[in-house]
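Below is one structure, written out as structure tokens; the observations come after it.
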């Protein structure tokens, strides 16, 4: 092993009391989740690209989310499965930096995209008459391009500073992939700037976007309360249903109230749970066993990309109609659903 190589722990070799059949079942389930995630997101992307009726702002957001989830799987899953299935625990320092950089980009892009989707719902509810002129395909594409450029630009500084870390204590990463927070914690560099950078990641990727999402839905909630009819309130909340499902994993008790935005709440929730585990939990002093920590991280990174197509897309009449058309060969004219 070279001086700057890392050893990635295989969680299944750490669980000494785990029965062989339990390990096999867990591995099979993980592979199944990865396959469902990959083909689910690929299907959503292909449907949106090939169906010109879906070339609208809402589906641009959904398609971009699917591409980010697909990229997340391509970055994480091959190495993760290589570690789990073949005990390929050694990873080169440069390869680790590249994977860390790509993971940070995917996380920041998804965080910013979920924020854009919340703002989109805010404009749709608060300025319904002006929405078609404000939110156009061109506007959405410009925002998506800016989002991608911003993610790569911001995260470049993290890689630059990570390259200055010294690893004299250990080269063992208690993850199935390379992660900035873990690399900082195992390093022997006693420099506040690295912890400051970690705090910056938490604020940039997590707290600030999440605060904007909460603000957007607070305004949406206030706007809905001003509507006298139950049907009017239902229409307002149904507009945001998918987004609220993703964001609202934290707010399960309130899902009945925000039924229209439920999907987005769940998606945001699914995103921020692994984010909190990866970046906030290590700095809180909470002690978890390596097995528990690894399990939470793996679940948090492979389950959301599988759930997002289901939450956002397969409940949508237009996309379900396109899937039916592909599978049956029949022409369908499904009603467009928000």
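Cβ coordinates are placed from backbone N, Cα and C, and glycine is handled just like the others.
What you see is a predicted model, and the numbers here were worked out from it, not measured in a lab.
Taken from TrEMBL, the feature transmembrane segment applies to 27-52, 58-77, 84-102, 139-160, 195-224, 236-254, 261-281, 293-314. According to TrEMBL, the feature domain 'G-protein coupled receptors family 1 profile' maps to 40-312.
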Query - Long-range environment of the transmembrane segment (58-77) - Cβ separation under 8 angstroms, sequence gap at least 6 - result: 34, 37-38, 41-42, 44-45, 48-49, 99, 102-103, 106, 109-110, 113-114, 116-117, 120, 137, 140-141, 144, 177, 242, 267, 301-302, 304-305, 308-309, 312-313, 316, 318, 338
Query raised in the report: Over the domain 'G-protein coupled receptors family 1 profile' (40-312), what is the model's mean pLDDT?
Result: 75
